[in-house]
Amino acid sequence: MLEVRSMDMTPKSPEPESETPTRIQPAKPISFSNGIIKRHHHHHHNNNKVTYKECLKNHAAAIGGHALDGCGEFMPSPSSTPSDPTSLKCAACGCHRNFHRRETDDSSAVPPPSLLPSSTTTAAIEYQPHHRHHPPPPLAPPLPRSPNSSSPPPISSSYMLLALSGNNKTAPFSDLNFAAAANHLSATPGSRKRFRTKFSSNQKEKMHEFADRIGWKIQKRDEDEVRDFCREIGVDKGVLKVWMHNNKNSFKFSGGGATTVQRNDNGIGGENSNDDGVRGLANDGDGGGGRFESDSGGADGGGNVNASSSSS
């Protein structure tokens, strides 16, 4: 006997497919700094290699010059420790590491903003603060100074040492000239103050004696003697010539005797200079019309000093 099973012919509604709902990603937060829109960037810490090049310390700053020690690269001394910044000194020049020019090898630099893909969210002006952690740009080497520059030119080490050594009276004549040249270089070119030479008391005495000996004038025949004398006392020939010109009137006529006047013995009154430098009047009394030291006048009845007259 066959069983007839009733089949449910009712149309069934299709079961909804289980679909994963699409999640909307939230937009990246936009923060404002100083009123300017900025994006959040993922900071990639680049391991940049930092090297320290030539030393830029000015060893002549105290005298207004510019002198470098010539050290080409920083070499850490064996006693330097990274934990103690004060111990980071160069083994070659002895200067601290901060005096050396810092150079960064930035091989993985960020491309410029113009090469980045454009986005609708980057339409606003972008402020990138991640450049703050980068080291400052390296210092440029000192530029050559123009001739019209107001700052003094660099002074070489030999000139600088001679200028700082003081007034050495026993130094040779050539060294004294170098020291004088260094003093001229250390002065400001724009200043109008004239360089004046200062003499010691010993130099003044020797120059006075030498000027008396040659007659306070440098002659052609005295060239060798003047040159030897200048080398002995350490004074230039032109300086000695100017000193003799300025002091000949004050030293030449400040001696013991006054001006010598020839004595007049013919009866005419005249001036005479005695031994102690006091001017006096002298006459032998045999002439007339002159001034006499005695109370009586001459044969012609001339007046006398005491205002009394007599006739012979």
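In case you wondered, yes, glycine gets a Cβ from its N, Cα and C as well.
What you are looking at is a predicted structure, and each value in this text was computed from that prediction instead of being measured.
Residues or ranges marked as region 'Disordered' in Swiss-Prot: 1-27 (among others).
Among the features that Swiss-Prot reports, phosphoserine is placed at SER13 (among others).
For 52-103, the entry in Swiss-Prot reads zinc finger, with the evidence type sequence analysis.
Sequence annotations record features per position, and here Swiss-Prot assigns region 'Disordered' to 128-155 (among others).
Per Swiss-Prot, compositional bias 'Pro residues' is recorded for 136-155.
The feature DNA-binding region is assigned by Swiss-Prot to 192-255.
When Cβ atoms from all protein chains are considered, those within 10 Å of MET244 (site 'Required for DNA-binding') total 20, not counting its own. Taken from Swiss-Prot, the feature site 'Required for DNA-binding' applies to MET244.
Swiss-Prot lists 253-312 (among others) with the feature region 'Disordered'.
Summarising the annotation, Swiss-Prot assigns phosphoserine to SER273 (among others) and lists a large-scale study or a structure entry as the type of evidence.
Along the DNA-binding region (192-255), the predicted structure has mean pLDDT 85.
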